[in-house]
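Working notes, beginning with the structure itself.
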């Protein structure tokens, strides 16, 4: 953990939870795991202060704790959650966009409260579980909101919801659970990864218990058992996972299938252990809530950061698709992502799976079929307008391409026919194919392109056919983009045409793109060109690079030196003989994307730290005025009590703060791309 | 002497026939001694012209996001968990004495202090129920003095408390005061609250001042009450916010 990250986390904790908490947090980050007496010693706080501070930190899940056998408890900073504090605004916004106002309020309350019991949460809204839904007492009116100058300007999240009912609270919580923004707290969430493993090791029986042939097999079996246990703690019990499995694997999943499974799971979550058996269907479909349908009051909810990261990634991908292709394509892409989101628990989940080749395993990923999308997306007019049509026979993209590339692609094609690996030509042909097939009314005679492989595409052609074609065109566009936005799986006798996203290569290509973008803005276009050349060619000699980059040696050297100095590219020296004479040494330049990524990530953290420090400095400038504005007699009567200059200063401060936090949000997006997604 | 010196001066720098190579006594010199030095290149400027890159203006979405973050932050700050140690906090063993860190300009008790937001030096934990099983055992007594070390599920003694969510307080609380600080005053006073400047005592003093105050005797701020604002709006650029 670098200093910058820990500084950043400490600053964030301080910004939100105050000085006592951040002081403890800082020492936990600096010194690693500490027990209460040790913390007391290091921080110089009183025992009472330490205990109170730790309670807050545990409540907000900002520290892990672990009580070992000797009955001493140690605490450890949880940097993930601490970092995610910066995303709080995004979380609330995402919840609002996807699930509406009240969900946003609930998410923000959960962020405020750390973890909370359902029963307490319901009570906090002024509702009692025992009260009937239609009881007028169960409806709480919203207090009018106070002041502009105290940051309560943004009360829009409360605005429509003047009245809430028990049913709506439970509804929202269920929805949040279903989407995954909120998860059920487990004790393992409060332990660090290593401690979780230790605990799992205690629970799982010793290797002798497994009756495998050899000792090694025993160990292996135990290892899998431990992994299972960890998984179980993280995502719920085994029974739940079993029901989850078909969805995750995407083998036999149909739309209805997944729905019912979801409902099944939800029902189990929602019902108290002794609850009446309610059919899964009704659990989904009943929009109005009966008593049995409510969440069990003893469930403890907390924010699920992993799922929010997935949602943020989807948002980022949609934005990128918009930037790279066009708005309506990105809309369709957003739809695909939304479909797949349900089955994605965490961003990095699939990367644990040892390298899925782009072979038939691709089918194991969750997928969306074209038909599902066609059903979801309604208006096709806009879609048709955004894609240009190729006239006549010139639609064969392979002809327009570089001969070398074409050859390469042909090889690829012959390698695996069924699967399209985000490459241009097969898709292109397919697109033409689909055009010629579906678009009879457009009377393009493209039979020349006819290919036996694709004539499988013989779905019932209803009036919505053109609609389907447009959507397909957009999807193909996505699949053949240099960033492999989508993976296309053609129709098989059993399965319909499907689309999936294989994240590792996609994220890799996006990271590369982002790195190059940063290099371009920092060091100029030629520097970016050099970097791109290096990443394509591997290690290149200076002379070669000179001829490849079409730059004269002098200017090329200046670019290379700047890049090298800032750590974007590296230099390798290979002596030709033992003397290590510089003149007899080869100098090879190369670009290590991973190293560059880490470098830029660290720089980003540093920038974020600087931003937060700047916020504080700017705040100190208007400290007196801020204090005055927060006085209880001033709140609500700013016009009367604050002078013109003071009001101006406050307004200016608000703008400055907004800009800095906006910048932080953007930097966080960058961190998301480089680290989390 | 002179002839020898002259002889030494003469062939000191010699241009050889080939290229622009200069030599002194057969040794190459790396610069051109006959170079015109009048229009020599200037050193690179210390502070070159630099175009400060400016960020794109924030989009509506980003602004919304920040607004949400701020409102969340404000509710955390107004909530029971936010703490400010401040200058008066005793940190470290020796601890600086309050008198040493006293600010004679800002630190004097003022009437308006009565309205300032009271910051906690220690989080107030007894406002809400906790799920004790998620806390280490050693913190249970901190969270809830009545907690029994049974199973970690809330026992009945804590049931009386309920979560406070800003905006959803009970009616009477809202009517009384919206600041949320009132709740603190109403609640049981913390026994070892160790902040010398805070608390009711200061307020009481001011109340006394208010009743038979010596400031009022001076009649300097005679129409202090309602016209204070106007007074302030008129000229007040000195003295910050202290009007009486």
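Keep in mind that glycine also has a Cβ here, set from the backbone N, Cα and C atoms.
TrEMBL lists A:7-65 with the feature domain 'RNA polymerase III subunit RPC82-related helix-turn-helix'. Taken through DSSP, the domain 'RNA polymerase III subunit RPC82-related helix-turn-helix' (A:7-65) splits into 45 helix, 6 strand, 8 coil.
Per TrEMBL, domain 'RNA polymerase III Rpc82 C -terminal' is recorded for A:174-508.
Packing against the region 'Disordered' (A:195-223) from elsewhere in the chain are residues 64, 66, 188, 229-230, 233: each is 6 or more residues past its ends and has a CB under 8 Å from a CB in it. Look at TrEMBL and you will find A:195-223 (among others) tagged as region 'Disordered'.
TrEMBL lists A:208-223 with the feature compositional bias 'Basic and acidic residues'.
Residues or ranges marked as region 'Disordered' by TrEMBL: A:387-464 (among others).
According to TrEMBL, the compositional bias 'Acidic residues' annotation covers A:425-444.
Under DSSP, residues within the domain 'DNA-directed RNA polymerase III subunit RPC3 winged-helix' (A:517-590) fall into helix, strand and coil as 44 helix, 14 strand, 16 coil. Annotated domain 'DNA-directed RNA polymerase III subunit RPC3 winged-helix' per TrEMBL: A:517-590, in sequence order.
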Secondary structure content of the region 'Disordered' (A:195-223), with strand meaning DSSP E or B:
21 helix, 0 strand, 8 coil
